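A.B. asks: Not my notes, these are from Swiss-Prot:
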DISULFID  Cys5-Cys21  disulfide bond
DISULFID  Cys9-Cys23  disulfide bond
DISULFID  Cys14-Cys28  disulfide bond
Amino acid sequence: GSIPCGESCVYIPCITSIVGCSCKSKVCYKN
C-alpha cells in the first residue's frame with residue numbers, strides 16, 4: 001500500500017499484481 005509500482009489502474013487492472021501490487025486511488029501500489 002505505500003510503494004508506487006509505476007502503473008495506473010484507471011482503465012485496466014494492475015498487471016503488476018503478479019508481483020504483489022494492488023490498485024488504490026487509480027494507482028498500483030505494493031504493500
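Just so you know, glycine gets a Cβ as well, placed from its N, Cα and C.
Keep in mind that this is a model prediction, so the values were computed, not measured.
In the displayed structure, how are the listed features positioned relative to their neighbours?
C.D. replies: Under the DSSP three-state reduction, Cys5 (disulfide bond) is assigned to strand.
The Cβ of Cys9 (disulfide bond) lies under 8 Å from the Cβ of Cys23, Lys26, Val27, Cys28, each on the same chain and at least six residues away in sequence.
Within the same chain, residues at least 6 positions away in sequence whose Cβ sits under 8 Å from that of Cys14 (disulfide bond) are Cys5, Glu7, Cys21, Ser22, Cys23, Cys28. Under DSSP, Cys14 (disulfide bond) is assigned to coil, being neither helix nor strand in the three-state scheme.
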A.B. asks: Please give me the CB contact count at 10 A for Cys5 (disulfide bond), counting all chains in the structure.
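C.D. replies: Result for Cys5 (disulfide bond): 19 other Cβ atoms within 10 Å.
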A.B. asks: CB neighbours of Cys28 (disulfide bond) within 10 A?
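C.D. replies: The answer is 21.
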